[in-house]
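One structure below.
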């Protein structure tokens, strides 16, 4: 039983209607009303108070107030189109709809948002998922997109509250968001997630958000090259997800995740809370983003990262090594590829003897920061809502019109977040999967066949796409089969044992309905970087974004051939060009992006000098372009510091030894 308190700036008559509706909505009753004087009297008589439930009903002409000022359990903005039914729906969703279940079945009623963050994987090796994805009601969606003032943090709060449960208090979440997304860590931007035209010289008249490009770019672009722009590029925009502390989209998740991970691990009901070690595999971006997140959060959690020794860019290596202090962070180059690193992590997690030893010796538990963790996925849902809001605010879309989204895909987490947003009610059109020549996902979306039998991983200039087994496909299967856990478990078993599975019938149709896919060769990727730079006022793409821009053009051509309407389109720009200076420079020169042996050796012997020289060369070649401030800082730190990277053989037991050595070292 809850004591219902309806507060906020909405009209009193509305509050009364809502009270009546909520009292009537539950049989048997969940809510009761109190008068303040009753409360005092009962407290005097020592009666046990019921838990209060604070519903904040705000008038729609108000900006959100901070939950610290007015704590609430559930918040609703009352607009002219709001109904009491909507409020009841939102309250019921919060109280009854936030059940976490495994994609492979089994519901444990004690599973909460914080326990899901703590555990990462479900006990049956499935991935945690909300049993039902909460729909944002129509008036709340419209408020989100049309209210004139909303900061990124306020927007993220509105989305994330719906993907968590009551174990994460709104006022606590708000504090975490304020810290994680503080502009000082996001290149000083007031909008940490700007949407800008792909061709920067095309400034739409009421484009408020482009201020931060003014001082970066010369607009004296020569008209001949400007004219050569592909016509279908003119109505494409980029969602710039690379302004964070490690210059990649993963910062959105990983600046926030460690903060609630620490809450999740400190509120375990044990006498001595265990300490945690994050063990994670990275194809380049995740590693440094995870380390940065835990370090910025001032976390007691230690982090151990495995990366393919020769499979990340010199910049990524420098970034990771700049955090390796031996005590709370260790970074290992494994003499193998990313898939080996990922499978090693999975094997170590599954090893009972290791878990018992860590627990017995040091009260240590392992956890993962990979994108399989629900807490990693949800922050990414927010920026798709934010992108759509920008289009509405700039009058390039009317609320309700579809927006197509193109995302470079490796592990499938980023585009899956867009699918969650769509299921929550965000009016997205097609979700376009952009693959490089490791095109397993392309083949899957095209044919329904996920097949890695004849596949070898090819190294490309876009390493975050170089993945064969995309772990988030499991959540996709869960969504498109309407939560059929037996179906999901069967497909994942086939993939594990026979290296392929095939979708048919309804599931295939649902996927085809939502997704579209194309792939991009290395030569096409390089040509795209060069063309976009020359056609725009100095827009430099990183190779992952270039893959997506190329695929966006394929998608536009497909739409034209089929006579389909051209809708606004936004491309997730997932990394800053300065993370991949070698590939970008070769692309600008019209050379093959593949590393030639000389630069590789130079990069390995002295990645710091190699990196500095590449930056100098690009800046000379591209007037007005700037290196990301966080990368400048990492490079400067590396120049002041000489360290040899830790290396480890491609052998699970050797990695296990290193892990044990790390945890037994006295922490700083």
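Note that Cβ sites are derived from N, Cα and C of the backbone, with glycine treated the same way.
Note: TrEMBL annotation is automatic and uncurated.
According to TrEMBL, the protein carries these features:
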DOMAIN    99-181  domain 'Threonine synthase N-terminal'
DOMAIN    242-487  domain 'Tryptophan synthase beta chain-like PALP'
MOD_RES   250  N6-(pyridoxal phosphate)lysine
Per-state residue totals over the domain 'Threonine synthase N-terminal' (99-181) - DSSP helix, strand, coil: 39 helix, 9 strand, 35 coil
All-chain count of other Cβ atoms within 10 Å of residue 250 (N6-(pyridoxal phosphate)lysine): 33
Mean of pLDDT values spanning the domain 'Threonine synthase N-terminal' (99-181): 93
Assigned element (helix, strand, coil) containing residue 250 (N6-(pyridoxal phosphate)lysine), judged by DSSP: helix
